[in-house]
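Q: Just passing along the structure, written as structure tokens.
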Amino acid sequence: MKKEPVHILPLYLPCLLMFLLSSLRQITGDARARAVKVTCSPLLEHNETAYVPNFVATMEKISTQVQTSGFGVALTGTGPDANYGLAQCYGDLPLNDCVLCYAEARTMLPQCYPQNGGRIFLDGCFMRAENYSFYNEYKGPEDSIVCGNTTRKNKTFGDAVRQGLRNAVTEASGTGGYARASAKAGESESESAFVLANCWRTLSPDSCKQCLENASASVVKGCLPWSEGRALHTGCFLRYSDQDFLNKIPRNGRSRGSVVVIVVSVLSSVVVFMIGVAVSVYICKRRTIKRKRRGSKDVEKMAKTLKDSSLNFKYSTLEKATGSFDNANKLGQGGFGTVYKGVLPDGRDIAVKRLFFNNRHRATDFYNEVNMISTVEHKNLVRLLGCSCSGPESLLVYEYLQNKSLDRFIFDVNRGKTLDWQRRYTIIVGTAEGLVYLHEQSSVKIIHRDIKASNILLDSKLQAKIADFGLARSFQDDKSHISTAIAGTLGYMAPEYLAHGQLTEMVDVYSFGVLVLEIVTGKQNTKSKMSDYSDSLITEAWKHFQSGELEKIYDPNLDWKSQYDSHIIKKEIARVVQIGLLCTQEIPSLRPPMSKLLHMLKNKEEVLPLPSNPPFMDERVMELRDGSDGDSAGCASLATVSQSSFYGR
């Protein structure tokens, strides 16, 4: 077949020129990425498996649009699994600041899970996601106001606010849904009122006008005489203040001749630069083609190697061992397969994971799991005995652990009594030791990506063993971001990974921190806030840590007060909670590595650093003053626990 020539310059030159020229027009403003309020849908998401990929895909589609227009809508999925999204920056926000505001909103909105939708108002932008088309809605029961409480103003200021609101609402209703206005309070410039009014671009002019009029009436009635007020309505955002919060209207500060000189300089540089780009792209393209071909051969080669190795089990042997995969022997169900108990001809108990896949990606996952687990061996990792890749489906064979998974104990009122504090502490330390091995001591560094209670198995002595390497990925020291799909379990996933796909060992550290808090409290991260929109477990632990009342969240099954050394145990538990909070800090670089955490756990007298705020601290209502909004809707957190099996996926 004749190879088509690669025309690089015509393809990349216009794109690069547009980027460089647009960069000349960028201005520096205030991204106003401070969250004002988050409101979540009252209904639960019915399909956990579909939610994450649909939400992430919707956000990616919107991201592309926001970068060019400051606005985006997208739909992913169908029926009850559909994810409708909308994001819009307010009209005075420069595009580069808009992108920053959107990135912040995208990071925070997932806290609504497992509710099936939610909306977030920031001071610079708005975002909403639901499982139905809401684009034409302009009012609803969630409409509310948020008022500042710094200063009470006089009647003259109130008159200026009313005038500014009238001007902004009138202008926005007739000019595409956005307006800014200011009005003097008497003769004093320092007492002026500044107003911003913005409708979502999906609304009709009539709906926009109605929304802004309702918003104006509510903020005047509810916020004056306070110096600041915001109306957070279904179809619009309105704000007034005695401070000029608006970004300046950009002015052309250069002469036309200066701009020409800059453009000519840029164009002359581009000619030279594009030669390098053309060569680089050509080389990268050739390498990619070779890598794809090599990857296909690698899968086939690995399959043959496994079939000929000592790890290989006959399919018929495993089928017989599990009673033809009888449901009576079923141990659990996960996203990638079902796990069964089996008995080999020599009497050994085994756990068999039955995988179904019909594409190369799933096949690669299978060989990746076998290849990775077979190279690691540690007392706190589940041992892989072998596999079968010759039958109608692929099978993994693990050692069988009769106590199954940790979640069966800590989240059960009766079984939880089996695990006193010392046993739970040992499980925490054992899990940490397993992660230290994966991150720092194995021949290939491994990020597990799905550390959670159902993936911590317990042997006959209740020692912890980490299971489920199906999601594990090896990584290089210079690689902190991956392009593969995000995988894991909501509630254990670090915010930077869920929002941006940023994968480092700190993703496991975050998950470990959530697990530690669950072990201490006996609460699931989701279940802790399922009623009345109460706080997530992380936020609950943080607040009690701040108030010095941690013992209020301890699992009653710990029964620490009845022990003769209860004061020592109380101190140990509080220390472990503090370690859990260090793991779940919002900024990844502040989280200690697993080796440091293990050192902290074992050296009980060492002084610990104070943790900073966890993600989504003000997750119920992020507002300026308590009790100021009319309909204070609660908000669930990011956290949830999946239905994964206790032998992993």
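Glycine too: its Cβ is placed from the backbone N, Cα and C atoms.
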Q: What residue among Asn214, Asn403 has an entry for N-linked glycosylation site in Swiss-Prot?
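A: The N-linked glycosylation site feature in Swiss-Prot corresponds to Asn214.
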Q: So what pLDDT does the domain 'Gnk2-homologous 1' (33-134) average out to?
A: 87
Q: For Asn131 (N-linked glycosylation site), which DSSP three-state class applies?
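A: Note: Asn131 (N-linked glycosylation site) is coil by DSSP, not helix or strand.
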Q: If H, G and I count as helix, E and B as strand, and all else as coil, what does DSSP give for Leu331 (ATP binding site)?
A: strand
Q: For each of the recorded positions (Asn47, Asn214, Thr489), count the other CB atoms lying within 10 A of its CB, then report the residue with the highest count.
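A: Of Asn47, Asn214, Thr489, the one with the most crowded Cβ is Thr489.
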Q: Using C-alpha atoms, which one of the recorded positions Asn47, Asn131, Leu331 comes nearest to Thr489 (phosphothreonine)?
A: Asn47
Q: What's the most sparsely packed of the recorded positions Asn131, Asn154, Ser454, counting other C-beta atoms within 10 A?
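A: Selected from the recorded positions Asn131, Asn154, Ser454 on minimum Cβ neighbours within 10 Å: Asn154.
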Q: Looking at the binding-site residues Leu331, Val339, which sits with the largest number of other Cβ atoms within 10 Å of its Cβ?
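A: Sorting the candidates by Cβ neighbours within 10 Å, the top entry is Val339.
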